[in-house]
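Data first, discussion second: the structure below is written as structure tokens.
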Amino acid sequence: MALPRCMWPNYVWRAMMACVVHRGSGAPLTLCLLGCLLQTFHVLSQKLDDVDPLVTTNFGKIRGIKKELNNEILGPVIQFLGVPYAAPPTGEHRFQPPEPPSPWSDIRNATQFAPVCPQNIIDGRLPEVMLPVWFTNNLDVVSSYVQDQSEDCLYLNIYVPTEDGPLTKKHTDDLGDNDGAEDEDIRDSGGPKPVMVYIHGGSYMEGTGNLYDGSVLASYGNVIVITVNYRLGVLGFLSTGDQAAKGNYGLLDLIQALRWTSENIGFFGGDPLRITVFGSGAGGSCVNLLTLSHYSEGNRWSNSTKGLFQRAIAQSGTALSSWAVSFQPAKYARILATKVGCNVSDTVELVECLQKKPYKELVDQDVQPARYHIAFGPVIDGDVIPDDPQILMEQGEFLNYDIMLGVNQGEGLKFVENIVDSDDGVSASDFDFAVSNFVDNLYGYPEGKDVLRETIKFMYTDWADRHNPETRRKTLLALFTDHQWVAPAVATADLHSNFGSPTYFYAFYHHCQTDQVPAWADAAHGDEVPYVLGIPMIGPTELFPCNFSKNDVMLSAVVMTYWTNFAKTGDPNQPVPQDTKFIHTKPNRFEEVAWTRYSQKDQLYLHIGLKPRVKEHYRANKVNLWLELVPHLHNLNDISQYTSTTTKVPSTDITLRPTRKNSTPVTSAFPTAKQDDPKQQPSPFSVDQRDYSTELSVTIAVGASLLFLNILAFAALYYKKDKRRHDVHRRCSPQRTTTNDLTHAPEEEIMSLQMKHTDLDHECESIHPHEVVLRTACPPDYTLAMRRSPDDIPLMTPNTITMIPNTIPGIQPLHTFNTFTGGQNNTLPHPHPHPHSHSTTRV
């Protein structure tokens, strides 16, 4: 595993450049260069012994273990399990950023997994509501991985490939004695290896990196794979909305893990300048959020602005989904504090009280957010996440990273199963209930809900087969998939590609055959994970007990080649070609497919399945329903309040505002056939007896009327206000600079943020001096409101967290974007209500 001499100049040059960049301490240049060169040669001279794998890191020596894989084409992998990357976040360090681990003098055995971060288990089992099908179908097995819990849980696992596998030797032999073989070596044999850091999902509430064995991916792709534990739930994301507990500790754990990797992976033969982060579900949204945080900047090995990692793969999750960010963390902090007897007004005392509680008492509390949202997760704290993710993307904060992202065909499978009885299809009444419940939980304006419901029903009704329950089930599945995954992913890809940054988009259309999922299911959330990890190559496992076929093995090899190619070069097509003749004697279809870069104009994506092809504009009609039409419907009720992140409030204290009574009728702002004669208004659940031609006529008439009456009336005003909104973005969300980096003292940072807040207040007030407004930020895109629950209260202010007082006011029952009571459900009772209608979304 020692580096060849031809690679030494490359590392020496990197060390010299890093030294020059970091010479700010005033040390003599000669001494600085000498120290960097000694460090570099120490890294290069280390040899990883397969028999007794011992590595000396910056914190001490660790011993790994060699593991043979159950496939003759895969070489052995050396595993280093339970490696500490941070100090235990216990006691007064709870709800604090992580600190580097303490060094050790003896050899540390890294041969078994470390404890997982605390999470809620009931009678030894994780919650039943788990989204990935392989979680739900193997809940007992998954639960066995999270029994050993401890707050001392900040560890990672490293999987290092060896050079003696048949696949490696085959590629090396094919190179022969060609000149410049080092430059042409498509497997990176002998050189520093790319590094892939996997972030697990679980809705920021459950999971562990220990679940994901990176051995096959490391061996087949000749990359180093790392899996990480990070703090979850209340311990990882509690925020009081001020300096008492800023939140985002789980994200800071991941940043510390990347910092540790950048500084130590060279000892394992890894390349600190080729680090890729990837994850699925909530792990994918973490990946996206890390690309937007200035904490990810700064790699001591290089003067590059790309920071602690250079590439990112977001599988079935981005920062724009409704479940990606918690918009009212202080409310949930107060609820938790009340449950455990820490409900004091001063937030500093509140946090001190929570720090003294046993961790199990905290994680066992049931704090339920609105459906499709999260209670404890990443927050806009003005620091780790400086602003709303969409605004940061519009400003190009992630343009320095190569990004691959995508979705699965039927992500919303568990949403459908958890809402309605779908074994025999979906009845008309169940379909109506699901859509109404969906709208009530995601959109907070009562006057326009009737129009929105009918619009969604119209768009997701297959009019050629509208009476078929199985067809309704299929369209309902598409509704959840499109809103929660596809539209956010496409919006993210559009924003990233707008800056010319390399962007690749995929749609995954395959899943393994098993009796544990219904026959009608498509590729559901998490179904791509076993193929990324190469599980089909070693056969069924406890976590993935599928009947893998040769097609599954072939597809897994294809996916691993794409993923590891991207980690090596930023291009999934290079350098290793798609060659799976070791599985099939005939070429696979992927050999003839070139995965084209994504652009907003063409929106090209790769269809990953047994019949691969490059297509364009993935589900364009439905995507634009959510990204274009629905936001316009949301704002047609009151065009004078165009910016949906502001709302007028009386000059008196908002806590004195009376709530709307449940008995108050909710009427639509738009005339419909239903409102003409209330006596003939049908029940929302008598769909089977309803004349769909009448509904179609009504919907078309309403839509045509809205378009005709509003396009001419509001076109000019829309353009003017849209232009002003973008101008406000530029003024109110200033670009970050390195001046507010970690080198600032806390007092300087607080003062800086306070000054920004004061300046921005005056600047924003000049926009509407006659209005009293309550803002979550200077106006972001109106699609921000699409990601909030109806009872969201804007308690966090981007870039101004230090300005929030050290007390949390009483929980406000009103949503500031509308006038109905938070949490009110405007749908009629469902004949078969789901027992957990507000269960936390798991992604």
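Backbone N, Cα and C atoms are what each Cβ position is placed from, and that goes for glycine too.
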(request) Out of N303, N825, report back the residue that Swiss-Prot marks as N-linked glycosylation site. (result) N303
(request) Report, in whole Å, the straight Cα-to-Cα distance of N109 (N-linked glycosylation site) from C353 (disulfide bond). (result) 36
(request) Give the distance between the Cα atoms of C153 (disulfide bond) and C512 (disulfide bond), rounded to the nearest whole Å. (result) 33
(message) Measuring Cα to Cα, how many Å separate N547 (N-linked glycosylation site) from N343 (N-linked glycosylation site)?
(response) 52
(request) Give the three-state DSSP assignment (helix, strand or coil) for C546 (disulfide bond). (result) coil
(message) At 10 angstroms around each C-beta, which of the disulfide-bonded residues C117, C342, C353, C546 has the fewest other C-beta atoms nearby?
(response) C353
(message) What does the structure give for the C-alpha distance between N343 (N-linked glycosylation site) and C512 (disulfide bond)? Integer Å is fine.
(response) 49
(request) Name, in the order they occur in the sequence, the residues of the same chain whose CB lies under 8 A from the CB of C512 (disulfide bond) and which sit 6 or more residues away. (result) D527, P530, P536, F544, C546, N547, F548, D552
(request) Give the distance between the Cα atoms of C117 (disulfide bond) and N109 (N-linked glycosylation site), rounded to the nearest whole Å. (result) 20
(message) Rank the glycosylation sites N343, N547 by how many other Cβ atoms lie within 10 Å of each Cβ and give me the one with the fewest.
(response) N547
